[in-house]
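Asker: According to Swiss-Prot, the protein has these features:
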type: DISULFID; residues: CYS1-CYS15; note: disulfide bond
type: DISULFID; residues: CYS3-CYS11; note: disulfide bond
type: SITE; residues: TRP21; note: site 'Endothelin-receptor binding site'
Amino acid sequence: CSCADMTDKECLYFCHQDVIW
């Protein structure tokens, strides 16, 4: 996935959750 703001911890958190699951 990709986050509009790569410094957005919440976005990155859910992004990585999606990768894991």
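Even glycines carry a Cβ here, placed using N, Cα and C.
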Asker: As a test of the contact definition, list every same-chain residue at least 6 positions from CYS11 (disulfide bond) whose Cβ is closer than 8 Å to its Cβ.
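Answerer: Residues satisfying the criterion: CYS3, ALA4, ASP5.
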Asker: Mind giving me a neighbour count for CYS3 (disulfide bond)? Other Cβ atoms within 10 Å of its Cβ, every protein chain shown.
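Answerer: Taking all protein chains shown, CYS3 (disulfide bond) has 14 Cβ neighbours within 10 Å.
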Asker: Applying a 10 Å Cβ distance cut-off over all chains shown, what neighbour count does CYS15 (disulfide bond) have?
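Answerer: CYS15 (disulfide bond) is surrounded by 14 other Cβ atoms within 10 Å.
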